[in-house]
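Undergrad: Questions regarding the structure given below will be posed in turn.
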Amino acid sequence: MDLTAVALLVSLVSVSLSAENAGGKARSCTDVRQFYSGKGFTLNGVPQSEISGEHLRICPQGYTCCTSAMEETLSNLSRREFEGLVREAGRSIQALLNAQYRTFDTYFLELLNGSERWLEEAFVAALGELYRLNAGVFRDLYAELHRYYSGASLNLEEALDEFWMKLLERLLKASDPETASLLSDDFLDCASKQTETLRPFGDAPRELKAKLVRAFIAARAFVQGLNAAGEIVRKVSQVPLSPECNRAIMKLVYCPHCRGLGSVKPCINYCKNVMKGCLANQADLDTEWQSLIETMLQVASSFGAEPSMDTVIYSIPVRISEAVLAMQENMEIYTSKVFKACGDRGEEGTPSSISEEPKKKERTVTALEYKPSPKSAARLEVQVTDVYSKLKEMQLYWIQLPSALCSGKTASSTTGDKCWNGITKASYLPEVMGDGLANQINNPEVEIDITKPDRTIRQQIMLLKIMSNRLKNALEGNDVDFQDTSDDFSGSGSGMCADHLCVRGRPPVFGPKTDRPKLYATGPENKRVKGSGNQIQPSFILLIVFFVSLLLRR
């Protein structure tokens, strides 16, 4: 059969489809007018009964109740609603991340502040005025710990070493206050260099550093991970819908109304294909997003492992008390060795009058001991369990988003041919596409140029990789410097409440017993998508094949 015959058949079928209502009386547009005014639009120019639809650019060109102006208005509305729902879905995830950030941050700072209070109370009771005169050394230590946890660019190991050096200097001067002013800077510098060999504080500095540095690295990495995840969700959720994808959303949502089928819900697989096409770039976040969440789950689990987080934080006063006690008990031996190594000369070369038999102090420090209470252990367990469950809920967010946005707005799978398939009320035959950009090459609803991924989303995928690697380093106890991404993750919690859009107390989008977001969300930026308004549907193809087979029999 020649091409002319095929073209003639296609034309005949098209005419028959567009004239399906020609034989009968034009239907009333009362329902469409009521729907349109319910959306807040004026009824000026809205037809009273169906008109020919050759003017339509998105919806099927059969008899319709929509003018060109109505189609454009509803198309713009579908875009706003879709983008709004994706942002709302993103805000619910941001709210979950923000809640976890606030809960953990509160818990951690309570531990740190409680540790500082305990040290001060114990040392004031033990040393009285001597502690008050030197309290700045201890306060400086805790201030540095706060700064490090908050993201300051400092080396925590060096900060701890600096603390021990200052403490050594103060204890040396306190051992004989009458001659303390005669100790030269050179002598004190020499004395500090002897600590590695003489170990005046015993094993306390080494034991504190080993556990404390690892715990703080993990805690800082964890809150930065929560912050980074929230910021990535915010940026991706704001990627605008492309014009071509807007056509597919309009066809899915409002074209049924123009056809007089406003009560007919979209076929579920039809909706999924539109969503998977429009959110293809977003779905490509899945691999790295899951990797980030999995690593954060490992970090969260480490907080409850021995030694637990609270034990490590409260070990600061314990180790300091052990160190001071060791120094007091061995002061005579230590000063003797220091004078032997560093000389006994004071400032400006004058002989030091420091006694080689330091005076024994009446007041001394007792070694502290921390025993976690059952209440403290239970709170930590609840903290870890809650973090674990909430992060698990959002692990599949990006690939669940298309189905979540279709949930509740589509016909059930048992309705068969009683759903909107993009053309009319009938069954939907195409298979559901896979997730991600590469799987949309044969999407019947949204044809995407898979060679042009969205730039903004690709940048966020790279940031997810960077963040995951940093968290993995933190698990190994390796220090993590977040300052080089301060432009992307600025300040604590910057990704959680952007533009005052924090959602307080909102249930999660995904996971058990949650309300799914309503229909339709945002499409990727700069991607080439072609609408499916002119595509030949399966039922149409079957009709053509039927006519062709008849001709071939001639």
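Cβ coordinates are placed from backbone N, Cα and C, and glycine is handled just like the others.
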Undergrad: If you pull up Swiss-Prot, which of Cys190, Cys342, Cys406, Cys419 shows a disulphide to Cys267?
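TA: So the cysteine that Swiss-Prot bonds to Cys267 would be Cys419.
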Undergrad: Disulfide partner of Cys66 per Swiss-Prot: which of Cys258, Cys271, Cys278, Cys342?
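TA: If we follow Swiss-Prot, the cysteine bonded to Cys66 turns out to be Cys258.
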Undergrad: Of the candidates Cys245, Cys255, Cys271, which does Swiss-Prot name as forming a disulfide with Cys278?
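TA: Among Cys245, Cys255, Cys271, the record in Swiss-Prot lists Cys245 as the disulfide partner of Cys278.
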Undergrad: Of the residues Cys29, Cys190, Cys255, Cys271, which one does Swiss-Prot pair with Cys59 through a disulfide?
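TA: Candidates were Cys29, Cys190, Cys255, Cys271; Swiss-Prot matches Cys59 with Cys255.
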Undergrad: CA-CA, which of the disulfide-bonded residues Cys59, Cys245, Cys271, Cys419 lies nearest Cys258 (disulfide bond)?
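TA: The smallest Cα gap between Cys258 (disulfide bond) and any of the disulfide-bonded residues is with Cys59.
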Undergrad: For the disulfide-bonded residues listed here, Cys59, Cys65, Cys267, Cys278, Cys342, which shows the highest count of neighbouring CB atoms within 10 A?
TA: Cys278
Undergrad: Which of these disulfide-bonded residues is closest to Cys29 (disulfide bond) if you go by CA atoms: Cys190, Cys255, Cys271, Cys278, Cys342?
TA: Cys255
Undergrad: Find, for the listed disulfide-bonded residues Cys29, Cys245, Cys258, Cys406, the residue with the lowest Cβ contact count at a 10 Å cut-off, counting only other Cβ atoms.
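TA: Counting other Cβ atoms within 10 Å of each of the disulfide-bonded residues Cys29, Cys245, Cys258, Cys406 gives the minimum at Cys29.
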Undergrad: Say we define neighbours as other CB atoms within 10 Å of the CB. Which of the disulfide-bonded residues Cys66, Cys190, Cys255, Cys271 has the fewest?
TA: Cys190
Undergrad: Quick check for the class: what is the C-alpha distance, in angstrom and rounded, between Cys245 (disulfide bond) and Cys271 (disulfide bond)?
TA: 13
Undergrad: Sorted by position, what residues of the same chain at least six away from Cys419 (disulfide bond) have a C-beta under 8 A from it?
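TA: Cys419 (disulfide bond) has long-range Cβ partners Val264, Lys265, Pro266, Cys267, Ile268, Tyr270, Thr410, Ala411, Lys425, Ala426, Ser427, Tyr428.
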